[in-house]
Amino acid sequence: MAVAGGLKCLKYLLFVFNFCFWLTGTAVFAIGLWLKVDPQTKNLFEGPDSSYVFYTGAYILIGAGALMMVVGFLGCCGAIQESPWMLGLFFFFLLIIFTVEVAAGIWGFSNQNKVVEDFSNFYIQTYNEYEKTGDENLKKTLQLIQTQLNCCGRKGMVEETNKDSCPEVDTADQLTIKSCPEAIDKVFDSKLLIIGGVGITVGVVMVSVQLLHDKHSSSFHLFLSWRGGKKYH
């Protein structure tokens, strides 16, 4: 029975996709919580000069991760149990996620300069405030940003005078350490297209798999009905 074999293959393929989707959601949810509770990163959200980019981004990660976990769970259970209502609910949420993802991607591309500007301004404000006060919390925030972006200060490792919050590198490598505003701009330019492309591709693949599953499920049920009717003739 080729139809039954194809349906079974699609069923397990859909389960694998949804399990990966659930794992991804778990990771996104965990990252969002980590950003909120970790002593080093929570400084990004505290204080009057904290950027809304971090504050909003953390809650988006938590919300998106939780929704992805629910959708992945529905997809896994629906695929294995072949539950029409679970798969229908999964497909409904998947379309919502895909629509929001596309909308967020369009917003991100259209507001890229604004996001980069806000991030850079937050960094510069934090750096200037640290130079004035020497606050350890501000230092931890700067160390976190500069270590992740491999950058140093407003001018770069060579020209910067205050390097106590910069990454520790060999003297020869100091020439390659750029300023943080330049590193922020480069990260958004190089990574945004990749992240958006991967997200949209995953969404298209999952929607396509679900459509194929629905199509083959209908064919399989029609085939069984035809066989059952033929028996009684």
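Cβ coordinates are placed from backbone N, Cα and C, and glycine is handled just like the others.
Quick look at what TrEMBL lists:
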DISULFID  Cys151-Cys180  disulfide bond
DISULFID  Cys152-Cys166  disulfide bond
TRANSMEM  12-35  transmembrane segment
TRANSMEM  55-80  transmembrane segment
TRANSMEM  87-109  transmembrane segment
TRANSMEM  192-212  transmembrane segment
Return the count of C-beta atoms lying within 10 angstroms of the C-beta of Cys166 (disulfide bond), excluding that atom itself.
21
DSSP-derived class (H/G/I helix, E/B strand, else coil) of Cys180 (disulfide bond):
helix
Using a 10 Å radius on the Cβ of Cys152 (disulfide bond), the other Cβ atoms enclosed count 25
